[in-house]
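Pulled from TrEMBL:
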- HIS115: active site, pros-phosphohistidine intermediate (ACT_SITE)
- LYS9, PHE57, ARG85, THR91, ARG102, ASN112: ATP binding site (BINDING)
- 1-138: domain 'Nucleoside diphosphate kinase-like' (DOMAIN)
Amino acid sequence: MERTFIAVKPDGVQRGLCGEIIKRFETRGYKLVAAKFVQASEEHMKNHYLDLKDMPFYAGLCKYMSSGPILAMVWEGESIVKMSRMMLGETNPADSKPGSIRGDLCINIGRNIIHGSDTLENAKKEVALWFKAEEFVTYASCAQPWLYE
Ligand code: IDP
Ligand code: MG
């Protein structure tokens with residue numbers, strides 16, 4: 001099973017979209033294994049988005065991401081890294097198909113409401129950056145045998 005880091009960004013939280021976003025992951029069948037509601041520091045966001053440090057929007061992005069609370073989560077499931085990126089849609093909501101989270105719920109690239117890890121390698125890095133080992137909850141999902149053959 002793969003794990004990925006998903007976060008409702010400050011705009012998603014302010015717009016009251018946490019429930020809608022959790023619902024999409026829950027109803028698809030993914031398993032929530034860690035979650036916390038936090039306001040990240042600008043330093044933490046600079047670290048999270050280090051790969052984008054040379055982009056012109058980097059400073060503004062880190063400021064926006066630390067401007068309010070974030071719902072940080074780790075979800076688990078088969079091929080979840082790739083599948084969750086499909087659920088998110090494209091980085092630019094304008095390129096995101098209806099039915100995707102960004103395609104249904106937001107308009108502007110700088111306010112695209114949700115983060116999701118883009119590769120398995122980055123998912124591992126991001127999960128470790130946001131969560132300590134003791135913040136994970138180990139439990140059996142009763143739906144598991146009905147989701148996987
Ligand atoms: P992703 O979130 O779809 O993985 P990335 O390219 O990793 O997209 O960019 C990270 C975040 O940076 C985006 O989700 C968005 O919030 C912001 N961003 C990306 N491109 C732009 C831009 O051209 N203008 C403003 N913000 C941007
Ligand atoms: Mg990215």
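Any Cβ shown, glycine's included, is placed from N, Cα and C.
All features noted in TrEMBL, drawn onto the structure.
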residue: LYS9; record: ATP binding site; contacts (Cβ under 8 Å, 6+ apart): TYR64, MET65, ILE70, ARG111, ASN112, ILE113, ILE114, HIS115
residue: PHE57; record: ATP binding site; contacts (Cβ under 8 Å, 6+ apart): GLY110
residue: ARG85; record: ATP binding site; contacts (Cβ under 8 Å, 6+ apart): GLY116, ASP118
residue: THR91; record: ATP binding site; contacts (Cβ under 8 Å, 6+ apart): ARG102, ILE109, ASN112
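For the domain 'Nucleoside diphosphate kinase-like' (1-138), the model's average pLDDT works out to 98. In three-state terms derived from DSSP, THR91 (ATP binding site) belongs to neither a helical nor a strand segment and is classed as coil. For the binding site of ATP, formed by LYS9, PHE57, ARG85, THR91, ARG102, ASN112 according to the record, the largest Cα to Cα distance is 21 Å, rounded to a whole number. Across the range of the domain 'Nucleoside diphosphate kinase-like' (1-138), the DSSP-based residue counts are 68 helix, 28 strand, 42 coil. The recorded positions considered are ARG102, HIS115; of these, HIS115 has the fewest other C-beta atoms within 10 angstroms of its C-beta. Checking the binding-site residues LYS9, PHE57, ARG85, ARG102, ASN112 against ligand 1, the ones whose Cβ sits under 6 Å from it are PHE57, ASN112. All protein chains considered, the CB of ASN112 (ATP binding site) has 23 other CB atoms within 10 Å.
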